[in-house]
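A.B. asks: Pulled these features from TrEMBL for this protein:
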TRANSMEM  C:12-36  transmembrane segment
TRANSMEM  C:171-194  transmembrane segment
TRANSMEM  C:215-246  transmembrane segment
TRANSMEM  C:377-398  transmembrane segment
TRANSMEM  C:418-437  transmembrane segment
TRANSMEM  C:457-475  transmembrane segment
TRANSMEM  C:487-505  transmembrane segment
TRANSMEM  C:517-539  transmembrane segment
Amino acid sequence: MWLATGWLALSLPAHWRQVFVANEVAPGYLRPLGWLALGVSVLCCFKADHPSMAVLVWFTLLPVAAVATAMTLSYRPALLRVVCPVFLRAR
Amino acid sequence: MMVSASRGAIISRILAAIFGCYAFVWGVVALGVAALHGAGLEYHAAEQAMMMLAFLLYLGLFLWTFAAASVRRVWLVLAGGSAVMLAAAWQLQRMIIG
Amino acid sequence: MLNSFRQSMAWVHTWFGLVLGFVLMVAFFFGALSVFDREIDRWAIPETRFEPQPMPSYDNLLKQVFADLKPHPLDMAATAERVIGDLPAPETMPMVGLFAYTTHRDPVLRIGAEFAIPNKPIDSKDDHLHVHGWATIDPRTGAALPDDQLKIGSNWFYPMHYSLQVHWKNIGVFVVGLAALVMLVALVTGVIMHRKLFKEFFTFRPKKRTQRSTLDLHNMTGVVALPFHFFFAFTGLVIFASFYYFPVSGTLLKPLHDRHEVIEAEHTGLPHDEAGVPAELASVDAMVAEAKRIWAERDMAGEVGLLMIEHLGDANGYVSIYRAGSDRVALVGEGIHFKASTGEVLREEPPSDPVGAVNEFLTGLHLQHFEHWTLRWLYVAGGLLGCICIATGFVFFVEKRKQEHAKRGLQGCRLVDAMAVTTVTGMVLAAVAMLVANRLLPDAMPGRGDWEKWTFWAVWLLSLLHALWRSAPVAQARSNPAWREQCWALALACVAAVLLNWLTTGDHLLKTMLLEPYWAVAGVDLSLLACALVSVFTARRLARTVEVKQASRIDGVAYE
């Protein structure tokens, strides 16, 4: 179960990071959506583990997810389009 | 790079940051443990609380040592403060034990 | 100090970061390895490759094991120097206290005992005078495992993490402590220096100049993992604070502390001293069963991690049973104490006060006794991010200055770069070389562990000499070929270690992963291979455009 939360936290905050791709115009709702996803990932962690453990998992997952996203941005930015499908791109 | 600091002043600050702050924090820890315990806190709780505070204080002092305008004042505060607090801790301990 | 606050902070960041960064690098890297110290032990001592075992029965097994345990010659010699007169023969010393310790990751059981001696100490303040004996046993049979086998993970990499293996006057512990403080300082000053903290949160531009991309990587790894770095440096300091850094209770406030200890002993009802009347030991297994029942009642059923007996054989003797850390972060033992002669419960430790709880959480966070493999790997990742951050700091320092140094004929960059090579690739190379030596040296060789240690130091020293020898190009603003060469050496060593493990023990990856899964060994092997891959990649990358980024090298460096 905690593995599942791992994936979730990895994929969901990615929404938020999409904001920073040098698109022409980044839709404004992405930022709140990203924060929301981060919140959801916290809840997932809490659901999966003892609270004290959950805090740690979340805090250590965060840098890993962030670095993964940053590396994607540098080497394969196109991949990030997946997290923001076409039908959502309109403003 | 060293616009306004001589070599001696820099060495003095480095020593103050490492050893001066260390002595000062020592004083705070000793006095804090004695005072908290004297105020009724369980001894190990007092000790642990001060240990956690100690490094945050050390960090702050360390940065202040380099940010402060006058090295002399830094030394004065650190040396004077630690001496006073160590003495106070000792005195407080004698009062508690009675 | 300098013209502006920001400049002063930048100065502190640069110079303290540089000087203590070399120490920090060691602490971070070996800290990351220590997360899997027990698994590395299994790799290095093939006889102990079996499943983790619970605490064995005291009555049926441990009782006899302890009866056979004798004072250790090493501690005999050390104690002889502290006392007046000759020590009695080791067989005649009565055992007065003992412990047995295991974790959910340990197949083997560590045991130890205290033996009483009649001698007076030379220094009258020396108040805990006992001779100790210790052993590591197979908990299934009680057989002692060879004592001279070096536990590379938990007895070499792990102490390296906090003491640099420099034990004289605990200098190593203090240097690492200062480095940890400097880590905190560097994090704060780094944030002060960094102008676009959030705007460049995810920025990494590998195609720009080395100077720019290393700075990107330095900032990114530092900023995104800031809470991780801060908490680990901070909790590391707190763990050692009361014993090493601010030992108020043992020095200035000793009278206060001792008074409290006596009051506490009265309060807890656990006898501080012996009664002087001999007494039999009741069934310890029954006490263990009772302790487990009490834990289950508190909704935290668990296994025994630590079993201790104080005042063994005396009417005041008591048995303390602590729970193994597994399902929560805080390091709580939920200790339960029994009267040794009757088995009645003397005391159940109450839940800790708020300060204690915070302290237990912080300590537990760093020492990670919990059972959570994902979190363990995340710790490794965090540690390696720290390594990348420090290493890129070195590289940036050199890149920023080498043009100017080359013009003015200075050698500073050359030296820093060579030191960086030594603490990045050299350090990993030394660790892997140690594993290779572990598989190459004959089993029966006397002092085998010492040879492994010498291999470690020798390889590290060689890497320094190599880096210095090859460092001339840096003085001309080019890069040091030692980076590339040591990457190749590292890749070879990693592959060699995996192959040697197969050849000498028959445990190849197919077997440890699929046929008879044993992830402790498979994990080490896989990490070595990953490390080899990253090294090869980096070496090739460095060869192609000698100037392109260097830092991803440590990216995967030898997890575990």
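Going from the start of the chain as shown, residues are counted 1 onward.
Yeah, the Cβs are placed from backbone N, Cα and C, and that goes for glycine too.
The structure displayed is predicted, hence computed values, not measured ones.
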A.B. asks: Counting Cβ pairs under 8 Å to the transmembrane segment (C:487-505), which of C:171-194, C:215-246, C:377-398, C:418-437, C:517-539 comes out on top?
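C.D. replies: Ranking C:171-194, C:215-246, C:377-398, C:418-437, C:517-539 by Cβ pairs under 8 Å to the transmembrane segment (C:487-505) puts C:517-539 first.
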A.B. asks: May I ask for the residues of the chain that lie six or more residues beyond the transmembrane segment (C:418-437) and have a Cβ under 8 Å from a Cβ within it?
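C.D. replies: Apart from its flanks, the transmembrane segment (C:418-437) reaches 22, 25-26, 29-30, 33, 40, 43-44, 152, 156-157, 387, 391, 394-395, 398, 451-453, 455-457, 459-460, 463-464, 466-468, 471, 474, 480, 482-483, 486-487, 489-490, 493-494, 496-497, 500, 524, 528, 531, 535, 553-554, 557-558.
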A.B. asks: Do the transmembrane segment (C:12-36) and the transmembrane segment (C:457-475) come close, with at least three CB pairs under 8 A (pairs 6 or more apart in sequence)?
C.D. replies: no
A.B. asks: State the non-local partners of the transmembrane segment (C:457-475) in its own chain: residues 6+ outside its ends, Cβ under 8 Å from one of its Cβ atoms.
C.D. replies: 398, 402, 405-406, 409-411, 413-415, 417-419, 421-422, 425-427, 429-430, 433-434, 481-482, 485-486
A.B. asks: Sequence-remote contacts (6 or more beyond its ends) of the transmembrane segment (C:171-194), Cβ cut-off under 8 Å?
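C.D. replies: Residues packing against the transmembrane segment (C:171-194) from afar: 5-6, 9-10, 12-13, 16-17, 20, 23-24, 27, 161-165, 219, 222-223, 226, 229-230, 233-234, 236-237, 240, 244-245.
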